[in-house]
Structures are given as structure tokens and as C-alpha cells.
Amino acid sequence: MMNYESVVAFVGQWRCFQKLIFFLLCTSIVPNGLVSFNIVFVGDNPDHHCRIPEVNLTQEWLNATIPEEVVNGKLGRSKCSRYRLDVIRNLSDQGLVPGRDVNLTSLEQEGCLDGWTYSKETYQSTIVTEFDLVCSNQWKAPLTSTIYLLGLLVGALITGPLSDRFGRKPVFCALMAVQAFCIMLQVFSVSWTMFSIVSCITGIGHVGSYISCFVMGTEILTGKVRVLFSSLGISLSFAMGYMLLPLFAYFLRDWKSLLFAIFPAHFMSLFLWWFVPESPRWLLSQGRVAEADAILRKVARMNNVEAPEIIFDETTLTKEKTTTRVQHNVFDLVKTRHIRKITLIICLVWFTLRFGYYGLTLNTSQLHANPYISCFMSAAIEIPAYVFAWLALQYCRRRPVTILVFFTGSLALFLIQLVPEHLSGLAVALELMGKFTFTAGVCLLYVYGAEIYPTVLRSTATGTCGILSRVGSSVAPFLFSIGDSFEYLPYILLGTLTLATGVASFFLPETFGKQLPQSIEEMPKARSLKCPMKTKKDPPKVISESPL
């Protein structure tokens with residue numbers, strides 16, 4: 001079998017070409033950070049109440065038209081009801097004073113028949129104010145995020161086969177173009193339905209371009225540079241784009257203006273077509289040896305090194321291509337008891353991590369009184385999380401770190417409900433700690449999962465578990481919507497799920513410092529819970545009698 005990295009070692013690892021590719025691919029990920037969570041601002045729900053049309057009412061009755069109600073122990077104006085205007089008008093005409101002459105609690109209420117009045121203290125407009133996604137239509141707001149996240153699921157499913165069929169570079173640029181076009185199309189949405197459908201397609205382009213960029217970088221770069229790109233480079237670039245989002249949103253308070261400003265960043269990424277080559281590894285897998293050879297010779301000239309007269313041995317390539325391999329499928333993930341146990345645990349871990357990550361991220365507008373500061377803090381916490389994950393992968397055993405991440409996250413979520421109201425800063429710190437653990441956990445599991453499964457099942461396992469992880473992210477937008485009845489219920493549910501997942505992680509095998517398994521037979525076994533009473537005892541020692 002041909003060792004690709006040994007063959008292309010003559011071009012070096014960190015020279016002019018590698019630096020350019022590293023910088024360009026990382027830069028192309030920054031716009032993805034901008035678009036991933038723009039729904040935090042585009043779909044935020046500002047304070048609102050029923051619109052009161054211009055009617056002949058005294059100031060006292062005008063102020064009393066909206067009833068007060070208690071939500072989560074706090075008294076405030078009703079968002080979805082008002083006192084009947086015809087009744088209020090008659091009482092006002094009679095010169096009666098609300099609260100003194102009339103008991104307001106006895107008056108009949110009605111819905112917001114004339115629409116709503118929205119606060120413009122934070123936003124000039126969002127899709128909630130544009131399409132009235134409140135009260136009876138309140139369910140549409142979290143569903144918008146879910147539809148976008150379902151687009152991520154579809155994109156994750158189709159990107160691999162597309163890039164394997166048509167190449168990394170064309171799929172990357174095509175999906176980046178789809179994402180840019182759909183962002184612009186969202187600006188001209190005339191209904192919530194149109195916005196949501198386009199948002200789903202945007203999600204397909206987003207995750208597709210991200211995966212294609214990741215694959216291109218890992219296949220073009222080699223050695224330690226590849227590890228640095230796949231672990232820190234691409235993650236930190238995404239976090240930088242995420243951190244720029246609140247800055248854009250702060251100066252552009254209108255949702256259409258925000259999307260319009262994000263569009264150029266995606267459009268500029270299309271120019272990578274002329275600077276980033278196709279993956280030589282993929283070209284070789286397709287038998288296009290001459291094209292791969294031409295690319296590497298161009299790289300050699302760019303790096304000022306001399307390429308060998310023959311880069312690829314045709315005999316070795318032909319032999320590798322004709323070598324028969326056993327085909328594996330998704331059923332191999334549940335074929336034996338050990339593999340089945342590992343697959344179920346990995347799927348649970350992925351579901352919990354995505355569910356928690358997206359749930360806490362989409363709740364950032366409620367994290368702090370200022371949603372822009374909230375979003376920036378939520379984005380900034382990802383940088384130390386990625387650094388922690390990278391260091392942990394370098395020096396620590398996988399299973400203890402994974403368990404520590406889940407237990408720490410569950411503890412932080414459980415403690416939030418115990419924080420006194422006057423210590424709101426501590427509650428914010430605990431929620432950020434939860435976001436830290438979920439972010440680090442996602443980064444850890446990418447490597448941990450790849451080390452557990454053998455080469456013949458690695459892609460299949462990643463794709464299958466990825467489906468369940470996207471299911472977790474798809475239901476995450478509804479997590480904090482259930483907190484209307486009890487404010488801390490989302491934290492309790494998420495903390496319980498996180499704790500249970502941490503316990504399940506005890507049974508995962510350890511992979512630190514071990515060679516990557518190539519076959520199913522080499523795959524590490526899942527740990528089992530043994531009862532001390534049933535452990536195998538040593539046979540009793542035979543004591544020989546003394547001859548005396």
C-alpha cells in the first residue's frame with residue numbers, strides 16, 4: 001500500500017503553499033460563524049403587547065387597557081390579551097376611573113385583534129415583529145431554528161457522497177455559493193414560510209461548505225499542520241466569526257440589514273476557486289494521477305523545492321486500486337454486543353452534546369440584559385474550550401476527560417437554580433461553564449470517536465452518529481421554550497441528561513496512546529460493570545503437611 005505522506009514529503013509541511021492554504025481555508029470558515037447563530041438576533045422576541053387603536057379613551061383607561069399577569073413569579077403586562085375595547089370605551093365615557101370605580105379583574109378580556117406593538121429598545125425589527133410570531137404563532141419562532149438545523153442534518157448526509165463523486169473543491173465552492181445566494185434571498189422573504197424554507201437550504205449550504213473545507217484541509221495538509229488545522233485552526237476561525245456576529249448586530253438593529261451585511265463575506269469566499277487546488281488524495285482515489293502529479297509539481301515550484309522525476313509509482317497505484325476489500329455497512333455497528341454497546345453510548349453522547357450546545361447557544365439572548373454582550377460571551381467562551389480540548393487530546397486519557405466534561409456540565413446546570421436573584425452574574429458564569437463543557441465535549445468526541453472505531457467503520461460510524469447528533473440539535477430550540485411554566489425546568493432536564501450521559505461514558509474503552517484500529521477485530525472492547533462478589537477467585541493453595 002502507498003504511504004501518501006511519505007510520497008509527498010518533498011514539498012514540506014509548513015512552507016509557502018501550506019501557509020497560504022491554511023490561511024485561506026481558515027478564513028473561509030469565519031463567515032460560517034457569522035451565519036450559524038444569526039437567528040439569535042434575527043429571530044429574537046422583543047417585548048410586546050396588544051396594539052391599542054386610536055380610540056377616545058381617557059389616559060387612565062388607556063394605561064389600564066393591557067391587563068397584568070404573573071409569569072415565572074414576576075408581574076408584568078400581558079403579551080397576548082387586552083380588556084375588551086367596547087367595554088373600556090363605555091366605562092371611559094361614563095367618567096369612571098379604573099381601579100377605583102371599576103374592579104379590573106372582573107372585566108372580560110380579548111385577544112390582540114388589532115395586532116401587536118413591539119418594543120424597539122433593542123431591535124428595530126426581527127422576523128418575530130415582521131411576521132407576528134407571537135401568542136398563537138409563538139411556536140413558529142423556535143421552529144424556524146429547528147428547520148435551519150434540519151438543513152444541517154440534510155447537508156451532513158449529502159455532502160460526503162457529493163464530494164466523493166464530484167470532488168472536494170467544486171462541492172465546497174458550490175455549497176458556499178448556495179449559502180450566499182440563500183442569505184440574500186432571505187432578505188426578500190415575504191412570509192415566514194418562505195423564510196423558513198430558504199433557511200433550511202442555507203443550513204444545507206452551511207454545513208456542506210464547512211465539511212468540504214474540513215476535508216480539503218485534512219487531505220491537502222500533512223503531519224502536524226494537518227492536526228493543527230483540524231483541531232484548532234478551523235474551530236478558532238469559526239469562533240472568530242461567531243464573535244463578530246454581535247458586533248454586526250449591534251450596529252445593524254434591523255434583521256434585513258444584518259443578513260445583507262453577512263452576504264459579502266460568503267460571496268468573497270467564492271474567489272478561493274482560483275487559489276485552492278483540488279485534493280491530490282481525492283484525485284488519486286479517482287485514478288486521475290496526472291492531475292495530482294501536476295498539482296504537486298506546482299506546489300513544489302511554489303515552495304522552491306525540486307520534485308522527483310516520478311512522484312507516483314503507477315505499479316503501486318494499480319495494485320492498490322485492484323486490491324479487494326470487504327464492504328461494511330451500518331449494520332456492522334450493532335453486529336456484536338461490544339460494538340452495539342459502544343455505538344449506543346456514542347450516539348447518546350453525541351445527542352447530548354449537540355442538544356446542550358445548541359440549546360444554550362440559542363438561549364444567549366436571555367443570558368444577559370444586553371443580548372449583544374450575551375452573544376459575545378457565549379462566542380468568546382468557545383476559544384478556551386477549544387484550547388482545553390486540544391491540550392486534553394495531547395496529554396490526557398480520553399475516558400476520564402469525557403466523564404469530567406459531562407459531570408462538570410451537569411453540576412453547573414443544576415447549580416443555576418440555587419443562585420439567588422441578586423447574584424445574576426454567578427448564574428451567567430454557571431451557564432457559560434455549561435457552554436464551555438459542551439463545546440469542549442464536541443471537539444473531544446470528534447477525535448475520541450475516530451479512535452474507537454476501526455478504519456473500515458470510521459466513516460460509517462461518524463455519519464450514523466452524526467444523524468442522531470443533528471436530531472439533538474434540531475429539538476434544542478424548543479428546550480428553553482418549556483421554561484414558561486417553570487424557569488429552571490430546561491436546566492434541570494438538560495442537567496439530568498448530561499449526568500446520565502456522563503455515567504454511560506464510564507463504559508467507553510480507553511484509546512489514549514494506542515494505534516488506530518484498522519479492522520473490527522482490533523476495535524477496543526467496551527468496559528463492563530463487574531460485581532466484586534463475582535470476580536474470579538484464585539484457586540486455594542495446597543499446603544503440604546509437614547513430615548514432622
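Each residue, glycine too, has its Cβ placed from N, Cα and C.
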Among the residue ranges 194-215, 282-303, I'd like the one that TrEMBL describes as transmembrane segment.
194-215
Other parts of the chain folded back onto the transmembrane segment (194-215), taken as Cβ under 8 Å at six or more residues beyond its ends:
25, 28-29, 32, 35-36, 39, 127, 131, 143-144, 147-152, 154-156, 158-160, 162-163, 168, 171-172, 175-180, 182-183, 185-186, 230, 234, 238, 269, 279
Which residues, given as numbers and ranges, are at least 6 beyond the ends of the transmembrane segment (20-41) yet have a Cβ under 8 Å from it?
123, 126, 144-145, 148, 176, 179, 183, 199, 202, 206, 209-210, 213, 216-217, 220-221, 225, 229, 233-234, 236-246, 248-249, 255, 258-259, 262, 265-266, 268-269, 272, 275-276, 361-362, 364-365, 371, 375, 379
